[in-house]
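To start, the structure itself, in structure tokens.
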């Protein structure tokens with residue numbers, strides 16, 4: 001039981017921070033950052049929804065939002081948006097289900113098997129959430145790296161060259177955390193399935209023992225005439 005509680009709390013810890021990292025990475029503006037910041041007086045960051053420029057001297061930041069979502073955007077941007085939003089939704093639901101499945105939460109306290117299944121469902125959701133998250137983050141980072149490498153290989157300088165920033169790193173970290181939390185809740189918690197189902201057997205045997213004791217007590221209080229009559233009836237039945 002102690003190991004089960006430990007796994008639940010560790011899974012909840014990773015699920016909370018993983019979902020938070022994915023949400024923060026989706027809605028922040030530093031998926032791409034200018035690589036030549038030593039030569040610039042401002043830091044330029046591009047996110048999935050807007051682009052921001054920060055002056056390195058006074059710290060003033062100005063942001064320009066992209067066009068409407070119905071406008072034409074690069075395929076990399078559109079698919080990364082879709083995958084990160086999907087990862088955000090799945091990881092959020094996975095964390096909420098995990099909270100309901102914790103033994104310390106007073107939700108279905110008399111149904112340990114149902115709470116165990118809720119933890120397993122949470123683990124599956126977190127594993128599924130990690131897939132689009134890691135795919136979108138790594139694909140975006142690789143695309144930025146390939147674009148920059150191709151420009152450097154052909155000695156092309158366009159004024160500003162980008163590398164992937166901390167928002168992209170957060171997306172990767174959140175996705176890996178979802179995989180870790182989901183693995184703990186599915187593989188490790190599955191080992192406690194038999195233990196959880198076995199909890200019902202002692203209670204059943206205890207109730208059975210109570211019923212047997214009640215039968216004995218009832219027979220003890222029967223009148224002697226009824227007891228003798230029942231014995232004679234049992235003998236006649238055997239014959």
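Any Cβ shown, glycine's included, is placed from N, Cα and C.
In TrEMBL, the transmembrane segment annotation falls on 169-192 of the listed ranges 169-192, 193-216. Listed ranges 39-64, 117-142; the one TrEMBL annotates as transmembrane segment is 117-142.
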